[in-house]
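According to TrEMBL, the protein carries these features:
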| type | residues | note |
| --- | --- | --- |
| TRANSMEM | B:6-34 | transmembrane segment |
| TRANSMEM | B:78-100 | transmembrane segment |
| TRANSMEM | B:112-129 | transmembrane segment |
| TRANSMEM | B:150-168 | transmembrane segment |
| TRANSMEM | B:188-206 | transmembrane segment |
| TRANSMEM | B:238-263 | transmembrane segment |
| TRANSMEM | B:269-291 | transmembrane segment |
| TRANSMEM | B:303-324 | transmembrane segment |
Amino acid sequence: MLSTAIIQSFLYVGIIISLGGLILASRLSKTYLAFLGLCIADIGYVCIGLSIPNDSAYIGSIALMSFNAVARLAALIALIRMAKVSRALKLPLAGIAKELPYSSVVFALALFSAIEISPFFTPDAKHHILYGAILLGDPLHISSYGIAVLVTLINIAKLVMTLFIVHSLFQGNSYSHKTENAWNDFKTSPLLLHLFFAVLVIFGLGSHEFIHYLTTTYAQNTFSQQFPDFTLTWKTETLILYMGAALVLAGGFILPSLRKPLAFVIAAVSFIFAALDHSGSALSYFFAVLSGFMAMIITLYSFGYIKHNETSYYALLLLMFASILGLLTSENSGSFFVFWEIMTLSSYVLVAFDDTPKAHYAAKKYFLMSGIGAVIMLPALLMLQLHNAQELYALLTAKEAINVFLYVCLIALFIGFGVKAGVFPFHSWLPDAHPAAPSSVSAPLSGILTKTGLYGMLFFFSTFLGFGLLQNSLVCPFFKLPSIGVVLILLGIITMFYGEIKAYQAIEIKRLFAYSTIGQIGEICMTLGVFSYLATTGALFHIFNHAVMKDLIFLCTGVFILRSGFTKIEDLKGLGKVMPFTASCMVIGLLSILGLPPLAGFNSKFIMLLGLAEYSPYLAALMLLASFIGCVYYTRIIRILVFEKYTGPQVADATPAMKAALGALAFLCVLFGIYPELVLNTLIAPVTDLIADKGGFNLSGQGLDLVSLTTVTWKSPALIIVLGAVLPVILRKNPMQSGIASVFVLGFASVALLVTMGQYDTLSCIFALGITVIGATTACYSIGYLEHNHAQWRYYASFLCMCGGLVGVATSSNLFSFFFFWEIMSSWTLYFVIIHEETRESLWEGFKYFLFNMIGAGFLFLGVILTVHWLGTADFAEMKNSFTQLDAGKVTVLFALLTIGFLMKAAQLPFRIDVQMHPATAPTPVSGYISSVLLKSALFGLAKLFLVFGGISLFAEHINLAYLSEISLYIGAVTIVMAASFAVLQSDIKLVLIYSTVSQLGYMVVGISLGTSLGVAGGILHLVNHLFFKDLLFLVAGVIIAQTHIYSMDKMGGLGLKMPKTLALFAIGAVCVIGLPPSNGFTSKWIIYHALMEQGYVLPAILSLIGSVLTLAYMTKFLHSVFLGQVKPSMETVHEAPKTMLIPMALLSLGCIVTSVFPGFVLLAINKILLSAGLQPLDVAPWGINSGKGAWNATLTAILFFIVWYIGQKVLRKFSKQERQTAIYTCGIPAENFAPSTSQDIYSTKILFGTENK
Amino acid sequence: MQDNYSYLAFLGVAVFNLLIFPGGLFALGLGVLFKGLDRKIEARLQRRVGPPVIQPLIDIVKLSGKEAMIPETAQRPLFQSAPLLGFVGMAVCASLLPIPGVSQGLPYMGDMLVYFYLLQLPAVALMIAGSSSSSPFGTLGFSREMTLMFAYEIPLLMIILAIAMKVGGDNFAEFSLMNIINYQEQNGQFITNWVMLPAFFAYLFFLPGTTGVPPFDIPEAETEIVEGPLLEYSGISLAFFQLTGAIKSIVVLGFGVVVFFPMTLGDNILVNILWFALKCFILMLVSCTFVKSATGRFRIEQAFGFYLKIPALLAAISLILVWLDF
């Protein structure tokens, strides 16, 4: 043995030589001789290795010396050949790879092998030396790891130089324009090159045996203690893919037509093995199944996508997936790291696959960042390999300050994984690499590769170290950081916002999705940082879903780009129209990533938010805020792709193979949306349990039965409608039939509702019945209204889904289900229906509506999440009990959030800002439906949750609620007058009705907010009445628009002559909305006034009464300007509406009349609701309210009216037997000379609002 | 309410109220009579002889024998039913009016809010009449009526709320006319209560507006827009408008009497009926007859401004005083 002094001196010599070599290399970096510098550096490296007095480093040094000698020689031979061809060793040699592909590849492989990144593996010399260096160190003295740090730094330097040397060969084509076949190059290469290449490969593949040989021969000590186990883990699925890659490469040369099916079969078989192989941990299994599946899908998709270099593409793709599966199933950190490096290498080549300057730049950046990250991570991995977790903690707890050591270790790991995952500040490769890579590579980059980073974190932080131990022992002395979780959360938040904001600004579609991936990773990271049972479940689920969704999105984007040749979002306008299949899949993916049900993203987002809320509601709020940004740009993409006008040439849709891949992913999105248990139970729960087993885990939420928490109650009516939504799609060739089918579906649902009536409470039943019945009439009306319209099937299908969502809301028996349907009803379905006309205005209004609605839903979401979290249950039946135990503050927060959410939905001041809740540009039947039914869902929700939480007893227990409801009462009252005033000012017939709805909703809000028997009864009664009369009025407006194609009152006049039936129907609706006795509108408003005055709310009472005067004003104005007055010349050709439109209207007016004359029938049902709320029921009879405040006999009044009317009519008839038609009297001036009146002539508007003072 | 009446008997009473007393014949008769008296007194005040007191009745009889003329461009169904609409509303309104010391009105029906809504009907009828006649003057009348209605409804609303809260007491409200009468029997008439006096004056201003007499006859201004909405009406239809006006005057006057000075004279029904009629007459003299014989006509925006300034302010004073529990 050499003396210690000599060994010491070896170290310094080694350092000097290495530095010299590296400096030389950098000085020569303009020529390929730079690689000679690397050779010298290797010598220094070996010296350093030898200076470390233990077996590991010794063996490592020998291995390095021998292997690198071969590798460098191989590289030299290749270089000489290239130099011969190019006659220069100087740059630019760029692009020589095109002429000498084989030699260049050998050169590259040799150089990469020398830094131990090789698909054929290498003896793990670097590992061994570093391991030896770490063995030297003492965890208690961080300074004792100097050599390890040194070695790491040298590794980084080598990596950087190697990359620059190698990459320039492949980049650009400044050297030669000749493109050669690899086979030709192979044939003409010297034998020596082949030989060295073969040795390199054999050496690599046999590296394990080589190391084994070295250890048995040269090891001096008993190395069982000191010697690391770096055995590669070869699971069957990994092996299949790895061998498969070689097979495809070989097969591609022999029989090119075989490579595609071969690649697919290999991927499929590997997936099957991965799915059947339960030998690893649950965590590995989870990720392996996901990756294996994606390998299959991506291969399938690539059939249609990749057009050049197919052989190498498929080989590399399979190699990449092999390495991913390899690292996911690795059993030691050595194996993990080796596969990790192969993954980086193969994906790096794939990123550069398109061979554009952009791609090369992105690939270099990617490789550098990932590679450096990995090198930094390596010592930490070895550290963990050296000491198992328990030992490490035992060491560390001996001395507190040592926590710094663990921190350094963890930060090193975090850098390595963070780079891959794309966590800020290590993300910057991602937005370059994703757009530059072929889409079929961007998809796994985004969907799978980023997830391996997360896998690493989960594996090492959670299952290897055990998060509990980690958390307890990690109190940073400097920053008082309580746990690494906080770091994760903070970085997660930054990453999330960074990603979302950058995505929002992005112009290129793939760059946008790359940033959105960063955003999503941020969300996951942040959730992982909470480290509770629920949060982890949510994060894992989202990892899974994000892989599916993002792959789907990237693959669809790939098809769009492939077909159109454009990458900018704006250039893809309307492309979806000519590629319906891809567009549908894309929309599914986007909606899913938006977190909208019934798609996968919603479920995982819900659980994540639940987990976050458990830790801090603010985090949940932040995440909702970030997803709101997401909403903006995702919706923009949907709009541009699907709803804008298409102007480009006709292009084909995706190829069948692509369609199969896209279809499968889209199907999964839907499947996991509807049936999340499938993943939760089989894949995720075992992982979470595994992590939980590692102790110290915040177990709250483990008791929660997640499956029951996320159960959607599919009651038969909702199911019928949602399934029925398929019918219009099937019948899309015949619009009439699809319309009729929709009517039948809704009618059938009404019947189902009546049959299963017993299952629901009265409130739900009334509301659900309103939804289906009014829905059926609206659908029937639409048949006439949309007669010559486009894409009617889309309209009917969305409309049905929307109705299904509404019925679902009404019939849900748990909060999750309630919100699930709520989001279906108020998000995409409604958006699609609103923008049906696809005009510029409707798109813009629909977009505004969508965003506005999302904000409202955000509040609601937070409210729902907190409710579930604080009450510990989502089941309505169980909520009441737990609610009584909540403290006042929480109750206030809950109610504030829910009320804000609901009031926004109901478009109440100050939440309405504009008429967003209710775009006038929607097809009129939809406007009617929104007004009469959809916006009521807010009030329904308010009432329902109020009942669920315990009804009136809440007010007694929580004084704050009284203030809250008082605020909403005043909001409602002010809204009545404000909106009614706006209505008076409008001249667009739909806007009048829209503002009118907002105003009428104010009455309902006022009534329900009162919380007294009379108030609630009045509010609900008005809700039911409004269902009928407002829908009727909208349908009338629709008839007018359909027949005249005019929206402005100013251009109408005298329509009553042309459309007498419509006028009659309008009159009924108008009387009701004004509330002239004995109409139904009067009865309900009457009750509300009495309820208000009963409680002494004078101001709201005055406001609501003024509101009714204003209602009279705008309705008479409507009547006058549209139906009466002189007939405008442009109105001469107008005809009465067709029967399909008149019949639904007649039915609605019948509903108006019945509820007018016999309000008691509805009131009887309302009484049941009052009872269940703990309120005193009213004394009700069929004709109205019998006694007490608000007593009213509508039937008698109606009879009195009828008697007088009858007598009056008789008298009129009797005395006007003689009739004469005359011209109107105009004081002798010809009638034409009178300027036609417009609604603007009406003094009231001018005087009331000061526009003129004549 | 079914304690005292069987349904049928109740219906019978209601029909009686509607057709005979206090609505129907009684109100019509009284209204026509008042109209005649009004014209006679106005004429005398202006030093004219004036028509006989029964002239309005003569007019109606004469009109009912005339040929009905309908403009070719009119909206026939609405044009023909507009006169009825107002009439029906007022007839029902009259039937719900309790006469102090005579009849109770229908239980739970005679409510100020019902009046608030039903009183809009004649105005709405006039608007529809004007609008459906397709005459440009009708259109002008329509917009004027709408504006005017909005103007006088606001003070009325506040008057009603002031009364309701005064009677309800303690932040509650009572809208039932019968209960208002009972309250005043116990606590003195509102006309003698300084808190309610501003509301009463506001009501005095409300009356000419709602009955459409000068200076508020703007929608039908004969000399300006040739009767506006009524221009194209003739024969029995026009008669119905006059009948509506007659009943309406009784309804609004009676309403004023009931809510401000409902005191009875003993228990004799006949005496009380006459007493009620007399009070109505006095109210009419003060608020309409004297005013209209002395004034010209407002322009519409003057009327609008006037109502939202003086009567609204007066009513608001009462409302605030009541609210503050004076």
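One is the number of the first residue shown, and numbering goes on along the chain from there.
Here the Cβ of each residue, glycine as well, is placed from N, Cα and C on the backbone.
Where the annotation comes from TrEMBL, it is an automatic prediction and has not been curated.
Segment contact is absent for the transmembrane segment (B:150-168) and the transmembrane segment (B:269-291), given fewer than three CB pairs below 8 angstroms at sequence separation of 6 or more. Highest Cβ pair count under 8 Å relative to the transmembrane segment (B:188-206), across stretches B:78-100, B:238-263, B:269-291, B:303-324: B:303-324. Contact between the transmembrane segment (B:78-100) and the transmembrane segment (B:303-324) is not supported, since fewer than 3 Cβ pairs fall under 8 Å when only residues 6 or more apart in sequence are counted. Tertiary proximity for the transmembrane segment (B:112-129) is limited to same-chain residues at least six positions away from its ends with a CB under 8 Å from its CB atoms, namely 78-79, 82-90, 92-93, 96, 138, 141-142, 145-146, 148-149, 153, 156-157, 160, 163-164, 175-177, 180, 210, 219-220, 229-230, 233, 241, 244-245, 248, 251-252, 255, 259.
Sequence-distant contacts of the transmembrane segment (B:303-324) (same chain, at least 6 residues past either end, Cβ-Cβ under 8 Å): 147-148, 150-152, 154-156, 158-159, 161-162, 165-166, 195-199, 201-202, 205-206, 209, 215-216, 218.
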